[in-house]
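Worksheet: the structure to be examined is printed underneath.
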Amino acid sequence: MLPELLFIVLLLLSYLIGSISTAIIVCKMFNLPDSRTQGSNNPGATNVLRIGGKKAAAITLIGDGLKGAIPVLIAHYLAFNMLNVTWVILVTFLGHVYPIFFSFKGGKGVATFLGALLALSYLTGLSFIITWVFVAKVLKISSLSALISTVLTPVYFYLITNNLASTYVIILICLWIFYTHQSNIKRLLNSQENKIN
C-alpha cells in the first residue's frame, strides 16, 4: 500500500478508535447513570468519579488513555515520522471530542491526549502528569490542573523533542482542549468550579 494511502487509513482508524466512549461503556458495565446526563454531563473520567466512584473512574481513565496511545503505537510500528504521528494524535483527539458513534458529543480529551503523549514522548507525558498532580495538590481543582498542564505541554514537548513542526500540532490540540473546557473556565472565573475532595 502506498504510504499516503496507508496514512489516510490510519487517520480514519484513529478517529474511529477515538470515537469509542470509555465512559459510556463503563457506566453501562457498572449499571451507572449515563455520564452524558448526570453530574457535569461530560463522558469523562472526572464525571464518572462523581457518579460512580474510584474504580469506574480509574477504568475510564485507563481506557481513554489507551485510546490515545494505541494509534500512536500503530503509527510507530508503521514507521511514520513524528509530525505524522502528531496528526494521528489530533485526529484521535477529535474522535474522542466528536465521536461518530455517539452523535458527535464526547468528552474533553485530556486523558486521551495524555495517553497519546506518553506513547509519543513519555517524558512529555510524565511532565504533564507531574504538573497536574502538583497543581491539584496545591489548588485542589481538577479542571485548573488540566488547563495549567495543557498550557505547559507544548513547552515541555519542544524542549524534549526539539521538533518545531510537531509542536505546532501539539499547540493546536492544546488550544482545542481549552475550547472543550469553556464551561469549566467560566466556573473558574466565577469561583464556582468544584474542588477535589
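Even glycines carry a Cβ here, placed using N, Cα and C.
Since the structure is predicted, the reported quantities are computational estimates derived from the model, not experimental observations.
Database features (Swiss-Prot):
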| type | residues | note |
| --- | --- | --- |
| TRANSMEM | 6-26 | transmembrane segment |
| TRANSMEM | 58-78 | transmembrane segment |
| TRANSMEM | 82-102 | transmembrane segment |
| TRANSMEM | 116-136 | transmembrane segment |
| TRANSMEM | 157-177 | transmembrane segment |
Note to self: With CB pairs under 8 Å as the measure, which of the listed stretches 58-78, 82-102, 116-136, 157-177 comes out on top against the transmembrane segment (6-26)?
What the structure shows: 82-102
Notebook entry, point to check: For the transmembrane segment (157-177), which partner among 58-78, 82-102, 116-136 gives the most CB pairs under 8 Å?
Noted result: 82-102
Next item on the list: Using a Cβ-Cβ cut-off of under 8 Å, list the residues of the same chain that are 6+ residues beyond the ends of the transmembrane segment (58-78) and lie near it.
Entry: 6, 10, 13-14, 17-18, 20, 22-23, 25-26, 44-45, 48, 84-85, 88-89, 91-93, 95-96, 107, 111-120
